[in-house]
Amino acid sequence: MLYFLAETIFGFICQYVPIGFWNGYSPAPTDRYRRLDLKSSQGFRAEPNLAPLPTTKPRRERYYGPNQIIRAPLDYLLSIPGKDIRGKLINAFNEWLQLPDDKLAIVKEVINLLHTASLLIDDIQDGSRLRRGRPVAHEVFGVAQTINAANYAYFLQQERLSEIGDPRAFHIFTNALLDLHRGQGMDLYWREAVVCPTEEEYIRMVIYKTGGLFRLALELMQVQSNSTTDFSELVELLGIIFQIRDDYMNLQSGLYAEKKGSMEDLTEGKFSYPVIHSIHAAPENSMLVDILKQRTEDNVVKVRAVHYMESTGSFQYCRENLARLTKQARHHVKELEVSLGPNRGIHAILDLLHVQQPNEKPLV
């Protein structure tokens, strides 16, 4: 009985005593949200909004967080320097397109933020632990906040397109995001279903995924210039070269391993370019597929896998194809230089992506 009485009194206080009363706020006689009305048959008459709330600054930031909190996973990864190959590529193509600095800055920011957002999602989907030698963002901020920051970046850059002032930019941006997700979907399917793609399927995935941001950068630049030159084949080649080299270096380079995590593609179960070649080179041997299924972090096992890929000639195959693709790319650049003028920037990027053959002298 006493419990019921106390509960009733507490409910009455919560409903009918002004909020300000508990904060030392002294309301005027009319400052009540509900007033006793002796003339009403119900005894009480609701009078909402009779009293204005005390004039205080909004506390919204306390609950939702300022922009810095929403962006925190993005800014964390942005603070860790990467290769910035996309920024170099934008500068290189601008030797031909000649955009002013303000227009170029928009393209650079859109590409940089989209790339960073895609890395945040990739690291979650791949179960990565390191990115550029530091703990991945979702290990620091949590998965939910990291996903939210990545999605926020997509829409933030979509809004930025209005500064370009060309309706084609939105269409270009949308197509690029669709391509990125198509490529990522193919990559994830092969890994999760443990299905080894053909080399042709892999190249198609790379054109969607890695080449997608390269194409987006160039097309956003072109809508702001008077250029009608078709750069698509060159951009496609650059994307393929970049990704094959990235796959190669993940398994071969000690410096790269220190920064990203030793032979991380094997831990992720990824069908990278040398892995695909090795599996198809000896389909009767299931060792490499078995190692990928394990998602192992054991370096001894991963080194064994790398040695096996050496035995199937897979790394040599990567080097030979990279040399062939680079030769094609340089040929395209020289053809374009006839009408557009010299472009030292793209040649410098191809030099940067060069992988030495055994016994080859380093590029000067």
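Keep in mind that glycine also has a Cβ here, set from the backbone N, Cα and C atoms.
Quick look at what Swiss-Prot lists:
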type	residues	note
BINDING	Lys83, Arg86, His115, Arg132	isopentenyl diphosphate binding site
BINDING	Asp122, Asp126	Mg(2+) 1 binding site
BINDING	Asp122, Asp126	Mg(2+) 2 binding site
BINDING	Arg131, Lys209, Thr210, Gln243, Asn250, Lys260, Lys270	dimethylallyl diphosphate binding site
BINDING	Asp246	Mg(2+) 3 binding site
SITE	Tyr154	site 'Important for determining product chain length'
Please list residues from the chain of Tyr154 (site 'Important for determining product chain length') whose Cβ is under 8 angstroms from its Cβ, counting only those at least six apart in sequence.
Leu114, Ala117, Leu177
Can you name every residue in this chain, apart from Lys83, Arg86, His115, Arg132, with its Cβ inside 8 Å of the center of the Cβ atoms of the recorded isopentenyl diphosphate site?
Gly82, Asp84, Ile85, Thr116, Leu119
Of the binding-site residues Lys83, Asp126, Arg131, which sits closest to Asp246 (Mg(2+) 3 binding site) by Cα distance?
Lys83
Chain-internal residues near Gln243 (dimethylallyl diphosphate binding site), provided their CB is under 8 angstroms and they sit 6+ positions away:
Val206, Lys209, Thr210, Tyr273
Rounded to a whole angstrom, what is the C-alpha distance between Asn250 (dimethylallyl diphosphate binding site) and Asp122 (Mg(2+) 1 binding site)?
16
Largest separation between Cα atoms (Å) of residues that the record links to isopentenyl diphosphate, namely Lys83, Arg86, His115, Arg132
16
I'm trying to understand the geometry here, so how far is the Cα atom of Lys270 (dimethylallyl diphosphate binding site) from the Cα atom of His115 (isopentenyl diphosphate binding site), in Å to the nearest whole number?
20
Asp122 (Mg(2+) 1 binding site) versus Arg132 (isopentenyl diphosphate binding site) - Cα distance in angstrom
13
Please report how many Å separate the Cα atom of Asp126 (Mg(2+) 1 binding site) from that of His115 (isopentenyl diphosphate binding site), as a whole number.
16
If you count the other Cβ atoms within 10 Å of each Cβ, which of the binding-site residues Lys83, Lys209, Lys270 comes out on top?
Lys209
Local backbone state of Arg131 (dimethylallyl diphosphate binding site), from DSSP in three classes
strand
Check the Cα distances from Arg131 (dimethylallyl diphosphate binding site) to each of the binding-site residues Lys83, Arg86, His115 and keep only the ones within 10 Å.
none
If one measures from the C-alpha of Lys83 (isopentenyl diphosphate binding site) to the C-alpha of Asp122 (Mg(2+) 1 binding site), what distance in angstrom results, rounded to a whole number?
17
